[in-house]
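Copied over from Swiss-Prot:
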| type | residues | note |
| --- | --- | --- |
| ACT_SITE | Asp16 | active site |
| BINDING | Asp16, Asp148 | Mg(2+) 1 binding site |
| ACT_SITE | Glu76 | active site |
| BINDING | Glu76 | Mg(2+) 2 binding site |
| ACT_SITE | Asp148 | active site |
Amino acid sequence: MTAVSIRRPIRILGIDPGLRRTGWGVVDSDGNRLVYVACGSVEPRDTLPLAERLLAIHDGLAKVLAAHAPAEAAVEQTFVNKDGAATLKLGQARGVAMLVPAMHGLLVAEYAPNLVKKTVVGAGHADKTQIQMMLKILLPKADPKTADAADALAIAITHAHHRGAAQRLKAVGA
C-alpha cells in the first residue's frame, strides 16, 4: 500500500518594500499552478515623519495579512545605491515588511531583484514592462494598478517557484 499525499495550495504574500509605496501581491500556489488572489500597495503620505510612515506600512501590511491569511511571505532584498541615506531608509521599510509577516508566524523568504526578474521573465536585467507582460501570461486575472504591486506579485511567483525546489532538496537531505 502506498501513502497518498494530499497536496494543498499554499497562499503566498509577496512584498516589494518602499517608503513611498510598498507593493503587495497574494497568489495561491499548487505545484506548478498559480492563481491570482489580490494585489495592491500601501502608500503612506509623503508629509508624515519617517516613524509614522513606517507605522503606516506596518498597519497596511497587517490588514493585508488579516484579509488574505497567507501561509508564507517573500520580500525583495534591498539593493545598495549611491545615496546611502536613501538606502538606509529603504532598509527600514524592508525591515517592517519582514517584521509584519514574521509577527504573524509566517516564514519570510528573501529574493534578490535579479533572481525575481530571471524567474519571472527569464532575464536578470528585465525591465518593469517585461515583468508586467509576463504577469499577464502567468496570472491572467491580475491587474496591478502600480509597478510596486506588479513587482510584489513577481516576488510571490519567485517564492512559489523556488520554495518547491528548496523543499525537494530538503526531502532528499541535500
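Start at 1 and count along the chain as shown; that gives each residue its number.
For all residues, glycine too, the Cβ spot is worked out from N, Cα and C.
Structural mapping of features recorded in Swiss-Prot.
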residue: Asp16; record: active site; DSSP (3 states): strand
residue: Glu76; record: active site; DSSP (3 states): strand
residue: Asp148; record: Mg(2+) 1 binding site; DSSP (3 states): helix
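The highest number of surrounding Cβ atoms within 10 Å, among the active-site residues Asp16, Glu76, is found at Asp16. Rounded to a whole value, the Cα-Cα separation of Asp16 (active site) and Asp148 (Mg(2+) 1 binding site) is 6 Å. Sequence-distant neighbours of Asp148 (Mg(2+) 1 binding site) (same chain, 6+ residues apart, CB-CB distance under 8 A): Asp16, Gly18, Arg21, Thr22, Gly23, Ser41.
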